[in-house]
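Down below is the structure, laid out as structure tokens.
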Amino acid sequence: MKPSSINDIENGKLDKNREKISKSNSSRVVKIHNQALLSGLAYCISSCSMILVNKFVLSSYDFNAGISLMLYQNLISVSIVSILSLSGLISTEPLTWRLIKVWLPVNFIFVGMLITSMFSLKYINVAMVTVLKNVTNVITALGEMYLFKKYHDSKVWAALFLMIISAITGGVTDLAFNATGYAWQTLNCFLTASYSLTLRRVMDTAKQVTKSGNLNEFSMVLLNNALSLPLGIFLVVVFNEVDYLLRTPLLRLPSFWMVMTFSGFLGLAISFTSMWFLHQTGATTYSLVGSLNKIPLSVAGIFLFKVPTSLQNSTSIFFGLLAGVFFARAKIREKSQS
């Protein structure tokens with residue numbers, strides 16, 4: 001065989017190999033893109049659905065036992081995570097007494113955060129809840145400044161200022177204003193910010209007392225929800241929800257139990273999809289999508305529950321949602337610069 005023929009064969013093989021590598025790389029990029037898109041879509045659907053279903057249970061069914069609803073949802077989460085852990089599909093840390101003692105303070109805040117969210121959602125429409133939740137960012141930023149000496153740039157503070165203005169104007173123009181609901185939501189903002197700030201410190205300490213020296217997201221889901229059960233039972237008794245549960249005809253409706261159980265699965269779905277989405281993208285994309293996600297949620301809340309609104313209130317809500325997006329973008333820019 002002539003040398004030129006050998007070269008032609010070798011060049012042909014090289015071209016084929018390059019084509020294979022090129023196709024492999026392009027298919028990998030498409031796969032990663034699809035995973036990110038799919039995880040983002042799953043996260044958006046589960047988080048929106050959770051709030052809307054909770055609102056439906058508390059308002060449309062007029063269920064007056066928000067703590068019991070939280071307790072049932074957390075029980076479902078504990079059951080599913082435990083089953084997945086026992087089957088070897090996921091790994092979780094054993095709940096030792098040392099770990100429980102470290103985690104208990106943050107769990108009290110976690111339970112308070114869930115309960116106040118339930119109580120506020122019963123009295124306030126979904127759109128106003130999403131806008132008022134922006135106040136949590138303001139409290140968190142102030143907490144970071146005083147506790148961790150973390151300072152933010154002018155664009156972040158400008159976004160936070162816009163959030164405060166939108167929350168005030170939204171409350172003033174809210175045609176369905178309810179002082180009780182706003183009080184619960186204000187308390188929820190403080191508890192949510194406290195949870196976020198406390199979690200950072202507790203996680204580092206908790207990792208030191210685990211057997212593996214690590215604490216993954218599945219372990220945190222199990223830890224939070226499992227520890228919330230005895231505290232939830234105690235609060236059900238204190239708030240006298242037992243008497244209501246014995247009297248309400250809702251517990252005899254199969255459809256009500258289906259909706260309740262569905263809300264429990266959604267609660268766990270948020271934990272899983274948020275971890276999946278965060279893994280596929282990153283903290284910056286996650287925070288930005290979380291802010292954008294509030295826009296369709298607010299619109300859906302207004303139309304599904306036939307919320308009475310005005311042009312001024314709708315403008316305040318839209319202004320608040322845009323402020324949330326502006327805040328996420330400012331945080332991304334701040335993080336990239338640092």
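Cβ atoms are placed via backbone N, Cα and C, with glycine included.
A quick note: this is a predicted structure, and the numbers were derived from the prediction, not measured.
Taking Cβ pairs closer than 8 Å, the transmembrane segment (36-58) reaches residues 66, 69, 118, 121-122, 126, 129, 256, 259-260, 262-263, 266-267, 269-270, 273-274, 276-277, 279-281, 285, 289-290, 293, 296-297, 300-301, 304-305 in its own chain, all 6 or more past its ends. Summarising the annotation, TrEMBL assigns transmembrane segment to 36-58 (among others).
Per TrEMBL, the feature domain 'Sugar phosphate transporter' maps to 38-326.
Taken from TrEMBL, the feature transmembrane segment covers 70-90 (among others). Under 8 Å from some Cβ of the transmembrane segment (70-90) lie the Cβ atoms of residues 111, 114-115, 118, 218, 221-222, 225-226, 228-229, 232-233, 236, 260-261, 263-265, 267-268, 271, all in the same chain and six or more residues away from its ends.
Distant neighbours of the transmembrane segment (102-121): 51, 54-55, 58-59, 66-67, 69-70, 74, 129, 132, 181-182, 184-185, 187-188, 191-192, 194-195, 198-199, 202, 205-206, 209, 223-224, 227-228, 231-232, 235; these residues of the same chain sit at least 6 beyond its ends, with a Cβ under 8 Å from one of its Cβ atoms. Positions annotated as transmembrane segment by TrEMBL: 102-121 (among others).
Feature annotation from TrEMBL assigns transmembrane segment to 156-176 (among others). Long-range contacts of the transmembrane segment (156-176) within its own chain (CB-CB distance under 8 A, at least 6 residues past either end) are made by residues 124-125, 128, 131-132, 134-135, 137-138, 141, 182, 307-310, 312-313, 316-317, 319-320, 322-324, 326-327, 330-331, 334.
Annotation source TrEMBL lists transmembrane segment at 182-199 (among others). Same-chain residues lying 6 or more positions outside the transmembrane segment (182-199) and placing a CB less than 8 Å from one of its CB atoms are 105-106, 109-110, 112-113, 116-117, 119-120, 123-124, 129, 132-133, 135-136, 139-140, 143-144, 147, 171.
Taken from TrEMBL, the feature transmembrane segment covers 220-239 (among others). Remote same-chain residues near the transmembrane segment (220-239) are listed as 65, 67-68, 70-71, 74-75, 77-78, 81-82, 85, 92-93, 95, 99-100, 103-104, 107-108, 110-111, 114-115, 203, 268, 271 (criterion: CB distance under 8 Å, separation of at least six residues from the stretch ends).
Only residues 6 or more beyond the boundaries of the transmembrane segment (259-278), in the same chain, are considered here, and those with a CB under 8 A from a CB of the stretch are 36, 39-40, 42-43, 46-47, 49-50, 53-54, 56-57, 61, 69, 72-77, 80-81, 217, 221, 286, 289. The annotation transmembrane segment is assigned in TrEMBL to 259-278 (among others).
What TrEMBL lists as transmembrane segment is 285-305 (among others).
Per TrEMBL, transmembrane segment is recorded for 311-328 (among others).
Away from its own ends, the transmembrane segment (311-328) comes close to residues 127-128, 130-131, 134, 137, 156, 158-160, 162-163, 165-167, 169-170, 173-175, 287-288, 290-292, 294-295, 298, 302 of its chain (Cβ-Cβ under 8 Å, at least six residues beyond either end).
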